[in-house]
Amino acid sequence: MVAPTALKKATVTPVSGQDGGSSRIIGINNTESIDEDDDDDVLLDDSDNNTAKEEVEGEEGSRKTHESKTVVVDDQGKPRFTSASKTQGNKIKFESRKIMVPPHRMTPLRNSWTKIYPPLVEHLKLQVRMNLKTKSVELRTNPKFTTDPGALQKGADFIKAFTLGFDLDDSIALLRLDDLYIETFEVKDVKTLTGDHLSRAIGRIAGKDGKTKFAIENATRTRIVLADSKIHILGGFTHIRMARESVVSLILGSPPGKVYGNLRTVASRLKERY
């Protein structure tokens with residue numbers, strides 16, 4: 001009778017569902033079992049592997065010490081490294097972007113298409129097409145021609161600005177200037193208004209024949225689009241903040257005359273700054 005503490009020999013069973021117990025590791029035959037007589041050989045092989053690992057670790061250690069000697073150290077003892085752009089380079093990958101076009105902007109997009117795609121193709125070196133089936137504009141980078149890593153995002157912002165309702169010239173400014181942004185908010189984000197109250201708030205922002213909107217744009221050097229209850233502002237960071245304050249005050253019920261007075265102060269500050 002076998003003692004309860006004795007160990008039984010493990011029997012090697014082939015994996016079910018595979019023909020002839022074939023291995024799932026291609027190129028290496030690891031289905032052979034190890035006999036008890038081959039234990040010494042296995043131990044010798046392990047020792048050889050350990051010595052090989054020690055040799056590799058020694059080579060890597062010497063390589064690291066050699067690389068550490070080439071690092072430039074400043075006066076304070078801190079290492080100085082070259083810029084990543086010079087060492088690694090800018091690698092452009094195949095990337096694509098799809099910008100959906102609202103139905104009411106499809107006709108302006110078709111009419112201005114001959115002026116929209118040249119900046120994307122010639123300046124940003126992107127591949128662009130208008131998909132009429134899905135009503136979208138598709139952009140794609142090409143590593144052979146595209147050089148700017150942020151070209152795809154710039155092109156997407158340009159198309160998005162046009163679909164929001166901005167003029168073509170104002171949208172192209174996003175490609176030329178890096179400090180332009182678009183901020184979007186709704187009237188209900190400022191104050192919950194419905195029915196005629198909402199219509200009057202939008203009317204106060206626009207003014208008669210767009211007079212108030214143009215005054216805010218000229219004073220703050222921004223561009224404003226009123227799309228129903230949504231308001232889109234294009235401009236610099238500080239300019240957007242000034243225009244947003246004027247629009248918010250109009251939504252909250254401030255009379256246009258008071259807003260005009262604040263705009264004069266804002267315009268004088270901008271003239272002093274620039």
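Cβ atoms are placed via backbone N, Cα and C, with glycine included.
A quick note: this is a predicted structure, and the numbers were derived from the prediction, not measured.
Residue-level annotations in Swiss-Prot identify, among S47, S112, S268, S47 as phosphoserine.
Between T51, T82, Swiss-Prot assigns phosphothreonine to T51; no such entry appears for the others, which is not proof they lack it. Broken down with DSSP, the domain 'KH' (195-247) shows 35 helix, 11 strand, 7 coil.
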